[in-house]
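Copied from TrEMBL, the annotated features are:
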- A:205-235: domain '4Fe-4S ferredoxin-type' (DOMAIN)
- A:236-265: domain '4Fe-4S ferredoxin-type' (DOMAIN)
- A:21-40: transmembrane segment (TRANSMEM)
- A:60-85: transmembrane segment (TRANSMEM)
- A:128-146: transmembrane segment (TRANSMEM)
- A:158-181: transmembrane segment (TRANSMEM)
Amino acid sequence: MNNLIFKHRFLIARRITQVTIMFLYFAANAWGFNFLMGNLSSSKILNTIPLSDPYAVLQMLAAGAVLSADVLGGVFIIILFYMFFGGRAFCSYVCPVNMITDLSNYIRRKFGFNKIQKRQPASRNIRYYVLALSLIISFIMGYAAFEFISPVAMIQRGIIFGLGFGWAAILIIFLFDLFVLKNGWCGHICPIGGFYSLIGRFSFIRVHHNHENCTACMKCKEVCPESQVLFMITKDSLPVTSGECTNCGRCVEVCDDEALNFSIKNYKRK
Amino acid sequence: MNTKKDQKMNRREFFLNGARALGLTALGGLVWSAYVDEVTASSLLLRPPGALDEKEFLKSCIKCGMCVEACPYDTLKLAKPGDNKPLGTPYFVPRDIPCYMCPDIPCVPVCPTDALDEKKVTKNNKLDIKEASMGVAVIDQSSCIAFWGIQCDACYRACPLLGEAITIEYTKNERTGKHAFLKPVVHTDVCTGCGLCEKACVTKKAAIFVLPKEVALGKAGDYYIKGWDKKDEQRLQKATNKINKTKISERKAVDSLNDLGGILDE
Ligand code: SF4
Ligand code: SF4
Ligand code: SF4
Ligand code: SF4
Ligand code: SF4
């Protein structure tokens, strides 16, 4: 039992933070418990510390909006935070969509869907094209373009303010990931993940691979939602430097040979 | 020989893939733009107090819902998928829950982006909800029973600016000869568009309802001046005039009017 918890320690921590954050937002709306007000687009902690989604603000900037000091301060805090902790820690520890796509992925693994289709037909760079396109369209149309279609915003707002047709967005992402493309939404399309990948390049906290311990069981690659970042497994003792790593720690957990662990980025060796 | 053929194939494939990606991106971009255009076009929508003009509002609002949370009456809603409104932006439907015009306007200062602008609801350095301009009430005279001659002043009584935004006009009811009409009249310069009248209206579907100002109001233009209004007439002082001289205006007006085709020549 203890071992089971240990083997899922990061997963448990992630689910707890994800659920707690959504619950706090929900509580602020439903009962006026204002510890964390607002939502993932923009929020306030204890009615004082502002937080704002830098990608949404980037689109607003492209659209030509005048940015308030509150928003700029909020963006600054968020960017600093994720630069330190690995940009896509947002994906694995905060974003509620992650729970949906992880479920798809889990079912895929359990029922062996992944064995049928080995090679994924789509490029993981699509997210950067969507990111660029969203900024171009925001600039041309004069509105933050992705914010009007973002299923991520729809779902998290749905949890906090009521879902409407938002359940359709949940279902679409779930089915898309389950039947069409492995890690389809988060690993290929979502521009928020793309944006945080770019920020995450600078992060200090990294997964480190020690290839002397590695027994080439490939459990880590099997479980990693961004398996391309683990290209060094069995080959080299290197840290995962790609910003696309979500710092979810699944690889660290499943490794039975202590070949993987978190470490603080070593800036001396370059 | 073989490698050369392979190279050719590779290059062709490269260009084909590039073109495909470009085409898909362009297509996606077009559909996406069209969609954004569509969802931002809906104009029959009431925004919270202090909201910037719709276009600027849509640019600035980050869709955080803090205004919604701040409203003690649950007036404000964030547009959900299926509501057919710009997704995630705050609005209210007065017939369901109107804006109760809180004196401290809690919904405005919380807005992190200034899409709800405190300046727009400030007078003499103090927040003043009477400055709000969420919309304007419009009366459908054909369904308002007061215009039928039945006594009703529900909207007038419900108005927080009673006697200012809605007044009652008394006229004689010629049909009966002995009764009066007590007709409500909305003063569009005072009405804040809170919708308390719309909520209170007794008819099955409200005979008085709030519309966005751009939708409900006309515009006379600068070139009409109210001569009976001292302030308005002052505009004349800064006025410039421009005289067009044409051939016909060289002569006196009477002469040119009497001149039927060049008889009065000289
Ligand atoms: S990739 Fe996008 S949807 Fe997936 S977890 Fe990250 S932000 Fe959420
Ligand atoms: S490399 Fe490890 S920490 Fe990074 S995304 Fe993959 S499983 Fe998660
Ligand atoms: S003024 Fe008061 S009632 Fe009206 S929208 Fe704001 S908080 Fe709600
Ligand atoms: S508080 Fe401001 S930014 Fe947030 S939803 Fe309301 S209007 Fe939009
Ligand atoms: S409440 Fe309705 S029916 Fe009555 S006077 Fe006002 S607009 Fe007319």
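Keep in mind that glycine also has a Cβ here, set from the backbone N, Cα and C atoms.
Each residue in the domain '4Fe-4S ferredoxin-type' (A:205-235) has a pLDDT score, and their mean in this model is 86. Within the chain, the domain '4Fe-4S ferredoxin-type' (A:205-235) has long-range Cβ neighbours (under 8 A, six or more residues past its boundaries) at 84-86, 89, 101-102, 105, 109, 124, 183, 186-187, 241-242, 244-252, 254-265. Using a Cβ-Cβ cut-off under 8 Å and counting only residues 6 or more beyond its ends in the same chain, the transmembrane segment (A:60-85) has close neighbours at 42-43, 49-54, 135-136, 138-139, 141-145, 196, 199-200, 202-205, 247. Per DSSP, the secondary structure of the domain '4Fe-4S ferredoxin-type' (A:205-235) breaks down as 9 helix, 5 strand, 17 coil.
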